[in-house]
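A.B. asks: Below is a structure I'd like to ask you about.
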């Protein structure tokens, strides 16, 4: 079997029993994703408040709101930074090593989370410009976390439970979204109790007290705390044996690092590593051999992540607008600015608690049982079904007696996104590509996803607007409406299901077996025997 030709240090990792270091790695990498989710999604909690504070119009029957271009920038700029960070740090992780750049991404996230809340300026234009600047670089750091965390966890894990470990890291996103909603609820409740504030329709000026400017800043800055708590431990993690042995070609260091981690003696196989270094299979990303071996795989991982994120991010970033459309969030004029943050945060928290978090952890429990392919097919299938079930009888769901049913159906689309492609699109690219290109290919796949997220975030600001120009939000042209937007998302999910057939099943196989690196080693050994 090809696995017998693998390096002993890698075989030791593949068959290692679940140990404390596995859970340590999950926590260290997972807290990065906790921070990622908090930072990316907390902006949707405060955009309505930003509109009230900085874009109030005297005499308007409605509270101030962000102009379309400003709203698109505030919501989308972090996603643009994330895309750039995924490509850059994914490439850098293969060039310099996973560990060397792992701490840098986290520190960038911490600094920019704090700087986002300290956005400078007295007028709206300056505050929004500095906020967008820091959120771009915040996204850049977040982007680096995707390929590095996935690659590190895949290269540390054993092959029996590798999917669960990588999915557990990603599942920390659910807790990050949940924490963002809970913290925003707590802070808005504190501010509401401290500063008695009337509704907008009672007192347009008084409904947004000066102290509201502190609330959104605090919510953004707190995102730095969980990342800071694990920064030291990221620096202490040893480089993965697969990078040290297969890419850096240092068998002695790989054996020494993993001997400490696994509490066992591992033989140093420098000669075997030298054979790997000399073999003809060391092809690069832009080569015919890569495209013949992994071209369809890369197309599968990029296309499915791209399609998934169009649907997923348009839902997440603009769920407040959908809840407003069905009346679950009261009209803005009946609330003050602080209470509006509370109601939006409550909606996000309930969705996260009832569907997002459970979906992630059902994936963790089942991914090594039924496999990645089955979970992704199931997820895309039911996302398509529930999206169409929401869309076609949309007028039925908007009636007051049926609104709870709408929320339940909407929650189920989130559940099957997370017990489905939102988790598997993260897991699979970390398993099926060669070690020297693993971080780069994961970064490319993730960046394709963020391109989809950007399309979802920007396009659905406009698409979901009412078809009647008079009923569209201030500054927006008429769109295709929420119903037709949901139909479009259903079609996108169906396409994601079809492209899933390009992605191979990696359940229960070693990383070298999936990437073909074992085959290269076997061929090299056979050639050597023939020459002798």
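The first residue you see is number 1, and the count goes up from there.
Cβ coordinates come from backbone N, Cα and C, glycine included.
What you see is a predicted model, and the numbers here were worked out from it, not measured in a lab.
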A.B. asks: Which stretch does TrEMBL mark as transmembrane segment, out of 101-120, 121-140, 141-160?
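C.D. replies: That would be 101-120, the stretch labelled transmembrane segment in TrEMBL.
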A.B. asks: I'm a bit unsure how to read this: which one of 101-120, 164-191, 214-233, 404-423 has the highest number of Cβ pairs shorter than 8 Å with the transmembrane segment (20-46)?
C.D. replies: 164-191
A.B. asks: Which residues, given as numbers and ranges, are at least 6 beyond the ends of the transmembrane segment (214-233) yet have a Cβ under 8 Å from it?
C.D. replies: 24, 27-28, 31-32, 34-35, 38-39, 42-43, 45-46, 49-50, 53, 103, 106-107, 109-111, 113-114, 116-119, 176, 179-180, 183-184, 187-188, 191, 338, 341
A.B. asks: Please figure out which one of 101-120, 349-367, 404-423, 485-504 racks up the most CB pairs under 8 Å against the transmembrane segment (443-464).
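C.D. replies: Maximum Cβ contact count belongs to 485-504.
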A.B. asks: Quick check: do the transmembrane segment (404-423) and the transmembrane segment (101-120) share at least 3 Cβ pairs under 8 Å, counting only pairs 6+ apart in sequence?
C.D. replies: no
